[in-house]
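Asker: Once you've had a glance at the structure underneath, I'll fire off some questions.
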Amino acid sequence: FLALKIANINWQSKLNKAAHHTSDYSSTEVILRRGQAFTISLNFQTTVQPWDNFTFIASTGPSPAESQHTKVIFNLSDEGASGWSATQEHSEHGCMNFTIVSPANAVIGRYKLKLQTDSGNKFSSVLLGHFVLLFNPWCPNDDVYMANEKDRQEYVLNDSGIIFHGVEKYIQQEAWNYGQFEEDILDISLAILDRSLNHRKDPSIDVSNRNNPIYVSRVISAMVNSNDEKGVVEGKWNGKYRSGTNPLHWSGSVTILRKWYRRRYKPVRYGQCWVFAGVMCTVLRSLGIPTRVITNFNSAHDRNINLSIDKYIDISGKTLHLTEDSVWNFHVWNESWFIRRDLGSFYDGWQVLDATPQEVSKGIFQCGPASTKAIKEGDVNLDYDSSFVFAAVNADCVTWIHYSNKRKERIYSNTRKIGKFISTKAVGTNSRVDVTDNYKYPEAGSLKERQVYKKALKLLGVSSTGRRTKVTRRRRRFSVARRQNMTVPTGKPTVSGKLNLDASPVIGQDILLTLSLRNLITDFKTIKVKLSASAVLYTRKPKTEILQWSRSIQLGSEEVKEIPFKISYSQYKNALMDDRKILVTALCEVRQGNSLLMEKDILLQDPFLTIKVFGPTVVHKAANVQVTFTNPLSETVTDCVLRAEGSGLLKEQLQINVAQMAPMEPSTIEFEIIPYKSGTRQLQVDLVSNHFSDIKGFVMLDVTLVQ
């Protein structure tokens, strides 16, 4: 017996990568997608005999086992029970070409491939090499299959994107570098799976479950935050960020993921919702799961899942922290595309995942996947965490005045405030697409939306007052009011009002507003107005009071009065948080009438930053970039840093110190990029300063292979 000896193993890397849509990965590894054929060529030093039998063994994980589908043994034949198959193609003397096909439900991860030969009951085995197997949105039998090629290009292959933020009436966009194909990112994504609690508890079971995008995406939602498993990003919403990076300073996932990996899995400080979502999008796209980033404006955080967000204020209009419920100006999460074998085909499609650590789910800070169709239909009893997401987009909002004698008066109830302008980046462009209709039925004049809301209340065992009880709605409402010393408003309002901005507010300038009050009846009215303004976080949590005044306003019969006021730069400059948000509240107490509450979310605009790239952008050829920005303040600013990054343009984040910026004067900085990948590329620029929040901008570049 003479063992077969292999002189050369050719994994046909270029051919296979092109066929499997993995050419963009900056890796020398063989990267393949499941459910699809790949080719391997073997050159033998010894002659292959007709009686030689070939058996392939593919294995993954620390304890491969056929029973766990982490080890498969298949011959040169038709597809076996494992779903793996190998066939011999046209071969020349001394060289054999094999086509190997993995099943569309194969476990994803890093594999070993061995060839075992049987020649007259004499066995020999040789390691052919390693490969990484990913989910395959191009394969109709894969759970993550996506039929539209433009969608696949956007949600799997696009390595940059846009994340929307701001407030509902002033939506802003920010560029984000996903960079899922950059060096080390796929390795890091696989390492994230290997660091999970599930893997540490039972590695073999964990790896065997990696054939299921439901399982994999849920594990990633837990691992992107650091709360339970020493995951990637540590969240922080309060205080200073001296021991880490301000969440607003991040412009992409690559730097974060590499930092976590290179520092031996120490959580990266700090992140907030858009950072968690950006990182999770990178990881899931790198593994082959179609994923996008979603922003929900006026997003409810309903701690007790009673679908009612209660806010309490005192008689001056100041927010009281009597409940853990909150409404964030915006919240960012992810959607991934796959079928739901656990729920039924109706719930296939986009699934919500949220890595921001807000509430525990089955004992761990994780959220999803929750089917958007389940959320829209009010099926809040379905896995996973659909009730939490339903509340985020569909809870009712109730505001109460809390008096010193513990009496409460309900002054505001809104069924339409929560879940506005749910947004994502369009396919193929940077424009905003509104996907609110995917989450709920129209709220204006729609009976269906209220029917779904009531269905959700019933499934959660919650009465219409927000109490977990079976008492009828009408009786319960007033009995609760009496027992808890509440006042439920009755009758029509006698006064209406509105807070208006006189001009777009720009950082460094005074903010001009007008309070408009209208008497809706013919009787004379005296109104006591208590107005306050506070610097707030994007979670709408007040941090520093800026302004407070009160005055009495007399309104004649059906009279309208406009009261102008301003918040000067000197008043807000030391109070403003990095979020650049101010909440103005006007509480109007009407004699012999219901109280009136008005709120205005103000987002101060930064000056624009312009980016110019000179000449054509060509792979491996330098291009000059010029960035111009203006100091928005009437004072000299020092110690600024300009940061730039972009997949395919800069291999590491670029940082340039800006020594000094004169008051209200433009400044220009120039630097060089050398593109290393062709195609449409996104260059992000961020001016960081201790004196004002980040000024960010981006430009899209078409990089060619030859000039």
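Every residue gets a Cβ built from N, Cα and C, even glycine.
Please treat TrEMBL annotations as automatic predictions, because they have not gone through curation.
What you are looking at is a predicted structure, and each value in this text was computed from that prediction instead of being measured.
Grabbed the feature section from TrEMBL, which reads as follows:
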type	residues	note
DOMAIN	265-357	domain 'Transglutaminase-like'
ACT_SITE	Cys273	active site
ACT_SITE	His331	active site
ACT_SITE	Asp354	active site
BINDING	Asn394, Asp396, Glu443, Glu449	Ca(2+) binding site
Asker: Find the shortest Cα-Cα separation between Cys273 (active site) and the recorded positions Asp354, Asn394, Asp396, Glu449, and name the residue that gives it.
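Answerer: When the Cα distances are compared, Asp354 comes out closest.
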Asker: Can you tell me how the residues of the domain 'Transglutaminase-like' (265-357) break down into helix, strand and coil by DSSP?
Answerer: 17 helix, 41 strand, 35 coil
Asker: Highest Cβ count within 10 Å among the binding-site residues Asp396, Glu449: which residue is it?
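Answerer: Going through Asp396, Glu449 one by one, the largest Cβ count within 10 Å is at Asp396.
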Asker: Counting other Cβ atoms within 10 Å, pick out the least crowded of the recorded positions Asp354, Glu443.
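Answerer: Sparsest of the recorded positions Asp354, Glu443 by Cβ contacts within 10 Å: Glu443.
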Asker: How many Å lie between the Cα of Glu443 (Ca(2+) binding site) and the Cα of Asp354 (active site)?
Answerer: 25
Asker: Rounded to a whole number, how many Å is the Cα of Asp354 (active site) away from the Cα of Asn394 (Ca(2+) binding site)?
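Answerer: Checking the Cα atoms of Asp354 (active site) and Asn394 (Ca(2+) binding site) gives a distance of 17 Å.
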Asker: If you draw a 10 Å sphere around the Cβ of His331 (active site), how many other Cβ atoms fall inside it, taking every protein chain shown into account?
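Answerer: Cβ-Cβ neighbours of His331 (active site) within 10 Å number 26.
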Asker: Roughly how many Å lie between the Cα atoms of Asn394 (Ca(2+) binding site) and His331 (active site), rounded to a whole value?
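Answerer: Between the Cα atoms of Asn394 (Ca(2+) binding site) and His331 (active site), the distance comes to 14 Å.
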Asker: Within the same chain, and leaving aside Asn394, Asp396, Glu443, Glu449, name every residue whose CB is within 8 angstroms of the centroid of the CB atoms belonging to the recorded Ca(2+) site, in sequence order.
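Answerer: Near the Ca(2+) site, the remaining chain residues are Ala395, Thr415, Arg416, Ile418, Gly419, Lys440, Arg450, Val452, Tyr453.
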Asker: Limited to the domain 'Transglutaminase-like' (265-357), I'd like the whole-number average of pLDDT.
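Answerer: Its mean pLDDT is 94.
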Asker: Please report the distance from the Cα of Glu449 (Ca(2+) binding site) to the Cα of His331 (active site), rounded to the nearest angstrom.
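Answerer: Glu449 (Ca(2+) binding site) to His331 (active site), Cα-Cα distance: 22 Å.
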Asker: Cα distance, His331 (active site) to Asp396 (Ca(2+) binding site), nearest Å?
Answerer: 17
